[in-house]
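*Asks:* My questions will all concern the structure given below.
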Amino acid sequence: MTEIETIGFHYVVEAAGCDPEVLGNADRIRQIFLEAAKVGNMEVKASYFFKFSPTGVSGVVIVAESHISVHTWPEKGYAALDVYTCGTKANPEKAVDYILEQFKAKYAHVSEIKRGIEEDDETFTHMIMTWEEALRKNGNGSG
């Protein structure tokens with residue numbers, strides 16, 4: 001079977017059962033994302049995070065390879081996470097795994113989108129693979 005060439009990988013993650021204290025802390029999420037970029041072998045260019053009142057955070061880290069972004073709902077223990085990278089140097093899956101661990105997520109619904117698949121007629125398409133994971137039981141880190 002031939003490997004499909006792609007311009008980038010986009011991970012769209014629904015993280016549930018997360019620690020509300022982490023999800024409500026913009027500074028902590030910034031630290032997590034900056035470290036996730038390192039773990040995923042990405043070069044950070046800029047970051048911006050905003051804390052909503054009374055709760056929730058939205059933020060983005062721009063990396064040379066593309067971006068890592070999040071929107072959180074601490075009251076629901078939920079975070080919507082995107083990690084998109086171009087090229088072959090970065091490892092977005094490692095970044096996603098690190099973020100889920102730091103958010104103390106119990107469950108994740110993950111879609112990996114292979115983007116920029118070139119077709120014969122100079123157009124591009126994408127391919128999606130989706131899975132769900134139970135990450136933690138009873139908050140003790142065992143899966």
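Backbone N, Cα and C define each Cβ position, glycine as well.
Quick paste of what Swiss-Prot says about this protein:
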| type | residues | note |
| --- | --- | --- |
| ACT_SITE | SER66 | active site, schiff-base intermediate with substrate |
| MOD_RES | SER66 | pyruvic acid (Ser) |
| ACT_SITE | HIS71 | active site, proton acceptor |
| ACT_SITE | CYS86 | active site, proton donor |
*Asks:* Rounded to the nearest Å, what's the C-alpha distance separating SER66 (active site, schiff-base intermediate with substrate) and CYS86 (active site, proton donor)? Just drop the number here, would you?
*Replies:* 6
*Asks:* Measure from the CA atom of the residue listed as 'active site, proton acceptor' to the CA atom of the residue listed as 'active site, proton donor' and give the result in Å, rounded to a whole number.
*Replies:* 22
